[in-house]
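This report refers to the structure that appears directly beneath it.
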Amino acid sequence: MRPPPPPPPLWLLLPLLLWLSGCGAAAPPADSLSQLPAPRNLKVYLYNTQQALSWEPVTLSNDLRPVVYQVQHQYNPSSNWYDVNKENSKVDCTNIIVPKCVFSTNNLSEGFPPSFNISLRVQAKLAGLVSDWVMAPWFQHYRNATIGPPENIWVTPEEGSFNIKFSSPFDVPASEAYFLYYVYYWEKGGIQQVTRPNRSNFITLNNLKPLRAYCFQVKAELFWISGKISRPGHLSDISCSETTAGASAKLQQVILIAVGTFLLLSVVVGTCLFLVQKYRSLVKYWFQSPPGIPARLEEYLKDPDQPILDALDNDSSPKDDAWDSVSIVLSPENEGEDVLQSTVNQSAGPSQQPVEGGLQASEPTDVTVRT
């Protein structure tokens, strides 16, 4: 019989023993740098020149230490990611506490180029723990930005027209993009109209009615030249103004005011005259002066002891007496008819007595009455 083969050397069995021992051992613990939850609900904010990225903050129930965040950006189609810090941009969004990164505010030159395709991602960190990277949707500012209304609107009313001047929502390079402007206008209570697109920020509204109130709104539309994409903007607040009148309209207005004033005065005067004629006695009663007491009698009433009555008798004289003389003449030619002729004579003589007896046909008879 052939002898059995010799056993294999021990150094050949060592790898096998190590493999068998590893099969029954527990799996190594997971990497401790992947235990933080990732940020959620990433939102890119683009309004006029503003560029920002926000997200929901990461919270831990068993750890009160603040979580910090790091933001990176990428210029598509490149595969390289760059930290958003002072070296690569004008803002620093590495190890920030607030869940927001603002790239630009008042000028597009502060943020990412408006024509570039930009991708963003954010990661949460706490001490030695980090989360997974979370990406936001890519964007182009000219393609995705929200355009606000024009600013600094000035209105100058003229005869049947308006001159409207305003400024653009933000400045854009003329070689990349431009704005088109529209004015929506309507007479109060009328139908809305819109002007044709205009690249100028000075627009005149013509053929309007004079001395009428009009309201209007202005809207800007961004047009990206290379991308051949337009972004309509928001309407401005409603403004109202009134057109002025021309020379002819002003003359007509003056004539109408004068005629109206004359007619009104005529009506007022006629009404007053009618009322005065109708209520003449009442008006006379209102405007008649009240009866007064003679001065000497008023003095006597104040002081009855004064000899006012004697003074009145002494002051009276025959010259102050007034007499009325009436002559009655009977004409013999007209018998049966008595003609009465009264002659009033002012005289200052002694009292005359009437003649006794019957009246003579040819002699006049004087009858004197003292008044």
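Placement of Cβ uses the backbone N, Cα and C atoms for every residue, glycine included.
Unlike curated records, TrEMBL annotations are generated automatically.
Model, not experiment: these values are computed from the prediction.
Quick look at what TrEMBL lists:
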| type | residues | note |
| --- | --- | --- |
| COMPBIAS | 340-354 | compositional bias 'Polar residues' |
| COMPBIAS | 362-371 | compositional bias 'Polar residues' |
| DOMAIN | 149-247 | domain 'Fibronectin type-III' |
| REGION | 334-371 | region 'Disordered' |
| SIGNAL | 1-26 | signal peptide |
| TRANSMEM | 254-276 | transmembrane segment |
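For the transmembrane segment (254-276), the list of distant contacts is 283: same-chain residues at least six beyond its ends, Cβ to Cβ under 8 Å. Mapped onto DSSP classes, the domain 'Fibronectin type-III' (149-247) shows 1 helix, 58 strand, 40 coil.
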